[in-house]
Amino acid sequence: MSSCCMLRINFGTDSEINLKIRNSCSHTICPALTDPNSQELSDAATEFCLTPSEAKTVATPERKVVLWAQICLTQPDFSCVTGRDCGSTSRQRRPTNATTLVEFAPVATDTRYMMMTTYFVSLIEGFNLPITVVPVGGSTGQYCTSSGCTVDLNKNCPEKLRVMCGDEILGCNYNSNYSDYFQRYCPEARTSPYDDTTLACIAADFFEVTFCASYFPSIARYETQNQEFNMKNKSPKVPMIFF
């Protein structure tokens with residue numbers, strides 16, 4: 001059964017960007033939401049986990065934030081992990097290996113009472129989980145469009161880029177020589193260091209961020225793309241996880 005609760009992260013400002021973070025994976029994930037420009041990171045921002053189907057609404061400050069999620073296996077030494085050092089008490093502003101990233105940042109507008117938020121999904125740090133970002137509310141037209149990657153790139157990751165734990169592929173490291181692979185299946189995400197594509201939404205009520213999303217809710221063509229990809233690649237065994 002799904003559940004939802006509110007988590008308020010205080011970085012010292014009253015303005016907020018609201019994120020509804022949902023885990024659609026078949027295993028627990030541990031998101032990390034940080035301010036990349038600050039040395040001070042809230043425990044609540046870096047140390048919470050979501051079980052399958054669980055969702056959490058996070059009120060972040062009106063400043064740049066980076067979101068990702070880690071996966072941990074039930075290894076005694078926490079050696080099998082993507083995202084950051086599982087079980088470590090150290091706090092990091094960026095992940096340590098192959099990890100799908102989302103970045104949000106506020107932008108001033110001419111309209112005093114309306115905030116614009118820019119956002120993008122990046123595979124430049126590698127890939128560990130499919131993810132989508134869907135603005136809810138806000139302006140229409142060319143703005144407030146969905147972003148993300150709904151294909152599990154681990155399934156057919158080039159061998160030299162794989163992050164392994166035993167026989168399991170936990171992530172896919174990025175390499176510019178293989179950028180075509182990332183671009184082919186995830187055209188809505190940043191897949192090149194030279195790509196500065198950024199989406200924007202004015203006065204969004206919140207952004208729904210879904211880990212292990214299998215399709216974009218408003219774009220049916222991605223469902224077909226995923227079905228074709230999955231028919232060619234058998235799903236890997238789902239690992240046991242622990243945080």
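Backbone N, Cα and C define each Cβ position, glycine as well.
When TrEMBL is consulted, the disulfide partner of C149, picked from C172, C186, C201, C212, turns out to be C186. With the fewest other C-beta atoms within 10 Å around its C-beta, C212 stands out among the disulfide-bonded residues C157, C212.
Its Cβ placed at the centre, C201 (disulfide bond) has 23 other Cβ atoms within 10 Å. The disulfide-bonded residues shown are C25, C172, C212; of these, the one with its CA atom nearest the CA of C144 (disulfide bond) is C212.
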